[in-house]
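Visitor: Look at Swiss-Prot and you will find 223-244, 276-296, 308-328, 344-363, 380-400, 441-461 tagged as transmembrane segment, backed by sequence analysis. Summarising the annotation, Swiss-Prot assigns N-linked glycosylation site to ASN261, ASN339, ASN503 and lists sequence analysis as the type of evidence. Annotated motif 'Selectivity filter' per Swiss-Prot: 426-431, in sequence order, evidence recorded as similarity to another entry.
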Amino acid sequence: MMDVSSWKEMEVALVSFDNADQIVEDPCYSNDLSPASQSRKGHPSCANLLSNWRILINSENANNETIFSRFSAEFSEHLVGERVGMEEGDQRVIINIAGLRFETRLKTLNQFPETLLGDPEKRMRYFDSMRNEYFFDRNRPSFDGILYYYQSGGKIRRPANVPIDVFADEITFYELGDEAMDQFREDEGFIKDPETLLPTNDFHRQFWLLFEYPESSSAARGVALVSVLVIVISIIIFCMETLPEFREEREYKSTQELSKNTTDTLLAHSTFTDPFFVIETACIIWFSFELFVRFIVCPSKTEFFKNIMNIIDIVSIIPYFVTLTTELIQQSELNGQQNMSLAILRIIRLVRVFRIFKLSRHSKGLQILGQTLKASMRELGLLIFFLFIGVILFSSAVYFAEVDEPQSHFSSIPDGFWWAVVTMTTVGYGDMCPTTLGGKIVGTLCAIAGVLTIALPVPVIVSNFNYFYHRETENEEKQILPGEVERILNSVVTGNDSMESLNKTNGGYPRDKAKK
């Protein structure tokens, strides 16, 4: 960078005393003293300096040295003021986004030096020296929100005509940081990604990765495969034991043993030797072992019980122990509490069906579906609320439309709730239907209202699903080997070293100063 003395030498070569008379005689300069126009920081412009210089030359008792010294001092002061203004970040920067030019001040970008536009070394890669501007072949509508981030001091807002995934890519490209991305996701209604916690103990960490992260190693994938097979076997057993042939066989054996006045020990022995019970016991042993190991090595016991997957694991093994306890109690109370115990068992055994949700631990698709439903709770709540209003409205209307019909299925408004629900959801079982003209008109309106009501939140839910699906896909693509990470880091360091020799303009970062 040139210092003030270099600027003086250059100006002496351009404006010397040999051509001073030509400048005075130039018709472009008037003889009248024009008011001095102020440049930046209140200093006179170069045109006014030349005009004042002409007056000094024509004045009496003025010599060349006095004229030049005054001009040089005033022009030097002007350059110093311009340089101070440049250092303070008052200069304007032109940013070209795929042909659309934006103009802002350098100090606006310097508020966030860690970003692409705020770091001189990073943005210099996109500088066009011929046009004196920065060129980015990126999405143009998105840059309104990116530039607003700098102008507002860190507030991120997505333009209405820009898709969510496109704007998220722009935030990543301009390196606005994780805080800006988290703020954007929060504004869009997405759930913040939880921080991944790992045990501090090396031994615990290995077992935690083995049982919690199937993609971490081959052994972890093997454990996940065994877990999936056990879950599938458990679900198959749960379904097959309800088949009539197996159920009747067990009931027949139990009746035969009771008629022969067998002892309690024989009854318990018959229950515990049942093939379904044996297979169920083997599955429960694996589930209990898996749950126990994860609880011992987990990094936070509090977070362990807050995880919905761990709660499902606990709930899925409770029915077995309740069944086992009930069978043991029946040894002493065969007649008294047997009916009550059977009722309790039927209810508790129903909980076993929740084991199917254990598959979501090993299925990315089920995890994405769960995240989508969690992020769309507000829309689902609105859907249920609209359906509730429609059910009340149309069940009341169909009741009063069918009240005079002797063979009507709608004897009361609550009886019409079921009909309104299946009609608004376009299921239409046909067990209840209106017969009068007024009732059919109400049914038609109910079906149309149901279609419109259900269609309203569907685009939002689909958008959320696409967001989580693309995010999961991008995370899988970004998984690279440690050797590639080191190679990329070395290339970045080499690239940064090569950038230091560049003399950046238009908001650049001058690293090489001219020696005085």
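Easy rule for this one: first residue shown is 1, then count along the chain.
Backbone N, Cα and C define each Cβ position, glycine as well.
Relative to the rest of the structure, where do these features sit?
Guide: A Cβ distance under 8 Å defines the sequence-distant neighbours of the transmembrane segment (276-296), meaning residues of its chain 6+ beyond its ends; these are 204, 207-208, 211-212, 226-227, 230, 233-234, 237, 240-241, 246, 304, 310, 313-314, 316-317, 320.
Residues 214, 224, 227-228, 231, 234-235, 238, 309, 312-313, 315-316, 318-320, 322-323, 326, 370 of the same chain lie 6+ residues outside the transmembrane segment (344-363) yet bring a C-beta within less than 8 angstroms of a C-beta in it.
Confidence in the motif 'Selectivity filter' (426-431), given as mean pLDDT, stands at 86.
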Visitor: How do the residues of the motif 'Selectivity filter' (426-431) split into helix, strand and coil according to DSSP?
Guide: 0 helix, 0 strand, 6 coil
